[in-house]
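Working notes, beginning with the structure itself.
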Amino acid sequence: MSSGCRSVGGSTWGNWRGDGGDLRQRRVLSPVCSAPAAGSWIGSQLGNVGNLLATPHPLGKPASSRVGTIVLACLLLFGSCVVRAVPTTPSPPTSTPTSMSTHSHGTVDPTLLPTETPDPLRLAVRESGILAEDGDFYTCPPPTGSTVVRIEPPRTCPKFDLGRNFTEGIAVIFKENIAPYKFRANVYYKDIVVTRVWKGYSHTSLSDRYNDRVPVSVEEIFGLIDSKGKCSSKAEYLRDNIMHHAYHDDEDEVELDLVPSKFATPGARAWQTTNDTTSYVGWMPWRHYTSTSVNCIVEEVEARSVYPYDSFALSTGDIVYASPFYGLRAAARIEHNSYAQERFRQVEGYRPRDLDSKLQAEEPVTKNFITTPHVTVSWNWTEKKVEACTLTKWKEVDELVRDEFRGSYRFTIRSISSTFISNTTQFKLESAPLTECVSKEAKEAIDSIYKKQYESTHVFSGDVEYYLARGGFLIAFRPMLSNELARLYLNELVRSNRTYDLKNLLNPNANNNNNTTRRRRSLLSVPEPQPTQDGVHREQILHRLHKRAVEATAGTDSSNVTAKQLELIKTTSSIEFAMLQFAYDHIQSHVNEMLSRIATAWCTLQNKERTLWNEMVKINPSAIVSATLDERVAARVLGDVIAITHCAKIEGNVYLQNSMRSMDSNTCYSRPPVTFTITKNANNRGSIEGQLGEENEIFTERKLIEPCALNQKRYFKFGKEYVYYENYTFVRKVPPTEIEVISTYVELNLTLLEDREFLPLEVYTRAELEDTGLLDYSEIQRRNQLHALRFYDIDSVVNVDNTAVIMQGIASFFKGLGKVGEAVGTLVLGAAGAVVSTVSGIASFLNNPFGGLAIGLLVIAGLVAAFFAYRYVMQIRSNPMKALYPITTKALKNKAKTSYGQNEEDDGSDFDEAKLEEAREMIKYMSMVSALEKQEKKAIKKNSGVGLIASNVSKLALRRRGPKYTRLQQNDTMENEKMV
């Protein structure tokens, strides 16, 4: 193509006006036109005109002034140019971004204007671009000044401040006293046991038993128990409006010594007069016998009473329905008492006796005595305000911080990780009952802690203050100041000459706590009027009203406020809420401090950056304003304000050209040229040529140029990826992951919360909870069981048939063996029953009085028979002949002699000695025969051969032993002599 054709083509393509109204110049078409024909002067001249038009005017005039000249040249030389047909629509780009597409020629674009001729080179360049596959592109029109903005002036940054008034000090925390009031009491009573026993012929059984406790009279306590350590065996008691009398062992009244009891619990002592009960059984059967036992018992036990102290209980299980603080004094008369006045007695200067040591107390006491229907109770009277207290000390805190926050005080205790909240007004101890002990214990504990830890470093800045915290905890707090801070305060007071205001300066909250209240007016404050003659009626009315007020005040007794008018402080059983409050306050303080410091630092940083923004907006206003507004805008500085226009998002396609070179061989584009459409599905007529800006911004002009340089390398962001150009020619796409990122953000380094462990705390221990009731039931059960063991001989009255139990056990055993075993068991049990019955009969006979008498007589008869038998045996041993044959005695012999006419004085020489010797031998033989028979019987019984042999040998020996038997004479010599 000739140069003229190039000029016409270039002029025709470059005469399109954009939104800015400037004529766009295209120099990329000249290299692709055909070379002009040789000798074509007009073409060469038009080429020169084209080059002239392509060169920028030195004066900067717009190309519109030369439009007429260019149009005229084109009309004259139009026929010398060869026009090539182009396709109606450009083919879509191939899948490869860098590939060049080919199109057919010879087709005219119907969308062109009638006067516009399609240029195939222009379409070829357009189709050689790279389509942006993803990403958002924007186009920004130039600002005209219709919308202007300004940068905000610097702000005033907040200062970090907690906004609290902290005060350190020492505190003592009190809780509700749920433990009962304990004291020692003495119980006096006499235990009466009346038994009725039935005596049968062979058995004795307990038919009835009556047991009762009766009180010991106060006079007997004075005269015997506390005076001598003894007690009377007589008991007087009123039952059913009848006065009854009982005597121990049914005998006359005597004084018995009180001895320590064998059975006593660890927390109590007891004394009694006897350990046995009397059970009398007479000798006559088939009748009842009644016996009485009186045991005087004195017990020293523990007594308990709980608020409102209108009764107290004893460890014996007895409950006294009277206040332990009741007495005859003025302040004690208002206490509760359910008994008649004659049952109560109070003794001043009483000295009780110790029944163990038998010594009286050295210090006298005020003793109260109450006589109930069953016992008499005595205890030492004390004043209620001194002994009883509804609050008790829970914790001593050596380091406490109090701060005021939103109209309340917060007491933080780090040692137990707890925070208590209370009102800013102090709590009056007079509004709670029985709190006199609080001030004393609090002062002692605080002074002790101060002397141990803070005496050399701190000074007190006020008196003890009392605050009622949530949960029912009373906090006794005394503020302190360090010595250094106290010196600063003193120097300030001396400098300002306000030494009289030292206390208020050291403790500024003291005035707020001591709120003055308006005194209520009453008729008592009005002096009693004196009657006058002028106003008698009015003075009488005032006199009556004043009198009624005095009577009402006297009846109410305002000096002694009852417990019903006061509110008892109730304490929760757990302080988990206080521990959670401490944790929340700790976290809140840390977070608030952190956020406050961040806010202050952030504000300071923004003020410093504002100066940088103000200077940077002069260099690149569009980028600065877009970053500030977080929106794509085009900006231009108009003096002290900035004109902006909002950028429009490109909905159509954006094509990136492969080359960044311009028509001038020495000039190149500094940013890649693009072709885009504003809307989707737009034809070639709606395509716009522009240039790729920063952050996917599309310029509608291609005015960013630079001199061409060697070894040029550029990376440009195109959509969501980057494109790489080398020597002003597209090379490839670069993913963002291949490019290393350097962060411009500043990391925010925050301090984490410190670790804090929650310690389990018990407001009331297990022992305290078990000790809250009036009665200790375990102590009662032990006492009752041991009390039953005091009379340990009761079981001796009741007989238990243990034989029947044994027989039943044997019968059960045999039944388990089957039918055969049951038959054998019946036989065995029958025989055993007979034996047992016999033995039982004998035992019953022996238990019977008549049986005992018969046994006694039999024993005596046996002894007499034994005596005579013993005498007979001794007689046989001394003179067996006389015992066995009394005829041989001397008396018979003398009688025989007398019958024959002989005198008693005759000599005994006439006695026949031979016969006497024969008699002796016969007796000896008889004894040996008797012994032999016994030996033979034993041998036969034992069935032993040795015994039989010995018996036979003895028989043989007896046969050979002794003189030979001689026959006696037929006639007696004496008879013969008499006959002569």
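Cβ atoms are placed via backbone N, Cα and C, with glycine included.
Bear in mind that the values here come from a model prediction, so they are computed numbers and not experimental data.
Bond annotation: of C437, C603, C647, only C647 is listed by Swiss-Prot as forming a disulfide with C140. Per Swiss-Prot, the N-linked glycosylation site annotation among the candidates N165, N952 falls on N165. In Swiss-Prot, the entry for N-linked glycosylation site among N560, N971 corresponds to N560.
The disulfide partner of C603, as annotated in Swiss-Prot and taken from the candidates C81, C157, C231, is C157. Helix, strand and coil residue tallies for the motif 'Golgi targeting' (925-928), in that order: 4 helix, 0 strand, 0 coil [DSSP]. On a Cα basis, C140 (disulfide bond) lies 24 Å away from C668 (disulfide bond). Counting only same-chain residues six or more apart in sequence, the Cβ atoms lying under 8 angstroms from the Cβ of C389 (disulfide bond) belong to N177, L434, T435, E436, C437, V438. Model confidence over the motif 'Internalization motif' (965-968) is summarised by a mean pLDDT of 53. Among the disulfide-bonded residues listed (C140, C157, C647, C708), C157 has its Cα nearest to the Cα of C296 (disulfide bond).
Nearest in space to C140 (disulfide bond), taking C-alpha to C-alpha distance over the disulfide-bonded residues C157, C231, C603, C708, is C708. There are 15 other CB atoms within 10 A of the CB of C603 (disulfide bond), with all protein chains counted.
Around C231 (disulfide bond), taking its Cβ as the centre, 26 other Cβ atoms fall within 10 Å, counting all chains.
Take the CB of C668 (disulfide bond) and look out to 10 A: across all protein chains shown you find 19 other CB atoms. When other Cβ atoms within 10 Å of the Cβ of C708 (disulfide bond) are tallied across all protein chains shown, the result is 17.
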